[in-house]
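Step one of this worksheet: look at the structure below.
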Amino acid sequence: MRLSNLEKGKRAIIKGIEKGCSAEKHQRFLDLGFVPGAEIHVHSISPLRDPIAYSIYNTIISLRREDADSVLITIDN
Amino acid sequence: MSKSACEICDLNGATTLKKLGEVSSKYDYAIALAGNPNTGKSTIFNALTGLKQHTGNWPGKTVTRAEGSFQYKDNKYKLIDLPGTYSLMSTSEDEEVARDYILFGKPDVTVVVVDAGRLERHLSLVVQIQEITNKVVVCLNLMDEASRHGVEIDVRGLSRDLGVPVIPTSARRKEGIGELLLAIDEVATGKYVPEQKTISGISGESRRAVSELSQELLAIDAELPSVSWISMRLIQRDESIEDALISGILSDKITKEEIAPILVKAAKYHDKLGLDYADNVAGAIFGQVTKTVKSTVKVDAGQRAFRIDRTIDKLVTSRTFGFPIMLLLLGGVLWLTIIGSNYPSSALSNLLLDQLYPFLKEGAIQLKFPWWLSGFLIDGVYLATAWVIAVMLPPMAIFFPLFTLLEDFGYLPRVAFNLDRLFKGAGAHGKQALTMSMGFGCNAAGVVATRIINSPREKLIAIITNNFSLCNGRWPTQILMASIFVGVLVPNQLAGTISTLAVVGIVLLGISFTFFTSWLLSKTLLKGESSFFTLELPPYRPPRVLQTIYTSIIDRTLIVLWRAIVFAAPAGAVIWLISNVLIGDKSIALWMIDALDPIGILIGLNGVILVAYIVAIPANEIVIPTVLMLTAMVLGDASLGEGAGVMFEVSDGEIATILYQAGWTTLTGINLMLFSLLHNPCSTTIYTIYKETNSAKWTTIASLLPVVFGVIVCFLVTRLWYMFT
């Protein structure tokens, strides 16, 4: 599943960054804590539905939909 | 100010602190200040050096390194505030500045400021820095906020785990600064030697690669510092580290020939391990940090987790209320600025123009100045400068603090969050929403603010389009024209509303031009992919009102005002000269007006307006007084105005009479409003654009593009006008 499909109110665990991503973008994701095993949930959605702000490691980071597409997740029960 | 007993007590380490402000040339130790954005790093910097660096609740505030100094006990320290970064592994400009200083500058101590309430994220930077140097002190800042959020930290345990001093502070309340100084002192002087640490938990082949390269590096220089970190960077193909090894910056023992095979090997590992390596390292760092945090931090889950932030964000980013709240807040700031500056503006203009000006003129007569000298200096240079100060200072002194309060509270990043979708559509960056809003106060300040946009392409778009935000200097022209030429078209009781709407219309037109031009640029001159957009929404923090007012007046208002004065003084001289130097039987000004009149008429303006915009390029504030002075000259009515080259302003009613007498129509008024929106930036802004872009080409484009738009729009409006009237 992709981060862009994560619904509000659900918690997810990051599985990894999609392989097709550029090396630079991949590293930026890692710097921001988008590492395998990290917990993530939707904090808020912008009035125009994009971008979406995610809470990860107690920090709120917003991503555009096409960028959130590159983050692979699983739903955490 | 009297000091409390605690402040003068010997046990308080801060008593032996002597803040030295700007950096002095001699120092005993160099201290680097590192940390994530939004950790209060600048507050620590200010507390130690006594400087007043602006502390913005906003990543990318400290773009270049700021330096200051202080004395503690017998030693002088230089303090270097590095840009706020999440990590040191990427190739962004901020991270390179921070990393290069820690690696090549070899500071005696690196203080890493971390947010006590967000330890997991922030400790990952600490771990990375420890990989480069062992001389680290962790400043556990924002302790007050963390305890409010129900976070309890075992500071000793944390210090043991990390192997470095950990000092809890609440910098805003000046708590813990004494202890921080002591720790810095002990590490700098070598009384305390922090542990050498290295990232644990890198698995399998990645780890083998790092240790193999490390051993080979140590074989050619046994004393090479930060060796495992250098190996890690080589596997990531970090060019600046490769260059530093080849050129001998990192070690003079290593020769080109010796290093070459190691670089080849590192490159092979890079190709083989690929992005898994990056994942592996980042995973190991966060894994290690998570373990540390689990054993040293207790969180009261009920209290914590951004409850307040979530509630506020729910409201300010909601589909229903997000935009209305935004318009209300930003519109409110503008409204307060416009209304609020009336009184101080007229007080200043009374002082500088009505009192001081005649006094100076009188003085010049007493001192037997020739007429041209008194005219040049007092009517020219003084009057223009005084005018700019009187009209420019009050709105800026109101707008900047209000805007900075919104910024410090944490609201402005939410504006970028709300509007990013629109800017994305135009090929621009969401943070341009902020620089655009800042432009309504002052375009020069708006251009400086584009530093928060990291992508060069999107930063240029923001710089070039900033001029479409109607700045404070242009509001008075708009309001005057709207009330004289638009308000009169409707019945009296509606006049106020209609002229206000006309001004709002101009503002909205400016915003449409911002989007249109951004789109146009991203499709033509600045083609390219949208960069990776990440925006941190920082925690809301109560702004410190008095300090904000102080720093925003010093930082933003006075700097911009000073630049404006530097440009206004010579412009005053020019305005006076062209009005008083005759060629043949006419002044230069009249020649210019006659020459430009046909072009002016063609685009629904006139020669006077064009000349005024040419000579008043330093500040939009002096356009109207210059127009009036030139109009009086053209009319040749001695009863009007104060004489050739002397700017003046009278009541709105009298202005209307003069302008109608000179043949102005509603069309002239409307076109002046349009041209005031769409013309070149003032010289202060042009200069700022040049400083920010360092490019004559982009400065020229940013200066000329709006004029081109202005001429086209005014021409079209004029054609349409004559078609229907």
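Positions of Cβ are set from backbone N, Cα and C atoms, glycine also.
The GTP binding site annotation in TrEMBL covers B:35-42, B:81-84, B:141-144.
In sequence order, B:LYS19, B:LEU20, B:GLY21, B:GLY68, B:SER69, B:PHE70, B:LEU79 make up the list of same-chain residues 6 or more apart from B:THR49 (Mg(2+) binding site) whose Cβ falls under 8 Å from its Cβ. According to TrEMBL, the feature Mg(2+) binding site maps to B:ASN46, B:ALA47, B:THR49, B:GLY50.
Marked as domain 'FeoB-type G' by TrEMBL: B:28-190. Across the domain 'FeoB-type G' (B:28-190), the prediction's mean pLDDT works out to 86.
Annotated transmembrane segment per TrEMBL: B:321-339 (among others), in sequence order.
Here TrEMBL flags B:369-390 (among others) as transmembrane segment. Residues 345, 348-349, 352-353, 356-357, 360-361, 561, 564-565, 568-577, 580, 618-619, 621-622, 625, 642-643, 645-647 of the same chain lie 6 or more positions beyond the ends of the transmembrane segment (B:369-390) yet place their CB under 8 Å from a CB of it.
Residues or ranges marked as transmembrane segment by TrEMBL: B:396-412 (among others).
Look at TrEMBL and you will find B:433-453 (among others) tagged as transmembrane segment. Same-chain residues lying 6+ beyond the ends of the transmembrane segment (B:433-453) with a Cβ under 8 Å from its Cβ atoms: 58-61, 63, 330, 334, 337, 395-396, 399-400, 403, 412-413, 415-416, 418-420, 423, 459, 462-463, 465-473, 507, 511, 514, 556, 560, 563, 681-682, 684-685, 687-689, 692.
For B:473-491 (among others), the entry in TrEMBL reads transmembrane segment.
What TrEMBL lists as transmembrane segment is B:498-521 (among others).
Annotation source TrEMBL lists transmembrane segment at B:560-583 (among others). Through the fold, the transmembrane segment (B:560-583) approaches residues 372, 375-376, 379-385, 387-389, 392-393, 396, 442, 444-445, 589, 591-592, 615-619, 622, 626, 629-630, 633, 644-647, 682-684, 687-688 of its own chain, all at least 6 residues removed from its boundaries and within a Cβ separation under 8 Å.
Long-range contacts of the transmembrane segment (B:595-616) within the same chain: residues 571, 574-575, 578, 589, 622-623, 626-627, 630-631, 634, 662-664, 667-668, 670-672, 675, 679, 711, 714-715, 717-718, 721, each at least 6 residues beyond the stretch ends and with a Cβ under 8 Å from a Cβ of the stretch. Under the heading transmembrane segment, TrEMBL lists B:595-616 (among others).
Residues or ranges marked as transmembrane segment by TrEMBL: B:622-646 (among others).
Residues annotated as transmembrane segment in TrEMBL: B:658-678 (among others). Through the fold, the transmembrane segment (B:658-678) approaches residues 468, 470, 474, 477-478, 481-482, 484-486, 489, 502-503, 506, 509-510, 513, 603-606, 608-609, 613, 620, 623, 628, 631-632, 634-635, 640, 650, 706-707, 709-710, 713-714, 717-718, 721 of its own chain, all at least 6 residues removed from its boundaries and within a Cβ separation under 8 Å.
Per TrEMBL, transmembrane segment is recorded for B:698-722 (among others).
Counting residues 6+ beyond its ends, the transmembrane segment (B:698-722) has Cβ neighbours under 8 Å at 460, 463-464, 467-468, 513, 517, 525, 602-605, 667, 670-671, 674-675, 677-681, 686, 689-690 in the same chain. The binding-site residues listed here are B:GLY35, B:PRO37, B:GLY50, B:PRO83; among them, B:GLY35 has the most other Cβ atoms within 10 Å of its own Cβ. It is B:321-339 that, among the stretches B:321-339, B:473-491, B:622-646, forms the most Cβ pairs under 8 Å with the transmembrane segment (B:396-412). DSSP assigns B:PRO37 (GTP binding site) to coil in the three-state reduction, outside any helix or strand. Only residues 6 or more beyond the boundaries of the transmembrane segment (B:622-646), in the same chain, are considered here, and those with a CB under 8 A from a CB of the stretch are 375, 379-380, 383-384, 387-388, 391, 476-477, 480, 568, 571, 575-580, 587, 589-590, 593, 608-609, 611-613, 615-616, 655, 658-659, 661-662, 676.
Under the DSSP three-state reduction, B:GLY50 (Mg(2+) binding site) is assigned to coil, being neither helix nor strand. Cα of B:ASP81 (GTP binding site) to Cα of B:ASN46 (Mg(2+) binding site): a span of 10 Å. Between the C-alpha atoms of B:ASN141 (GTP binding site) and B:ALA47 (Mg(2+) binding site), the distance comes to 13 Å. Following the DSSP three-state reduction, the secondary structure of B:PRO83 (GTP binding site) is coil.
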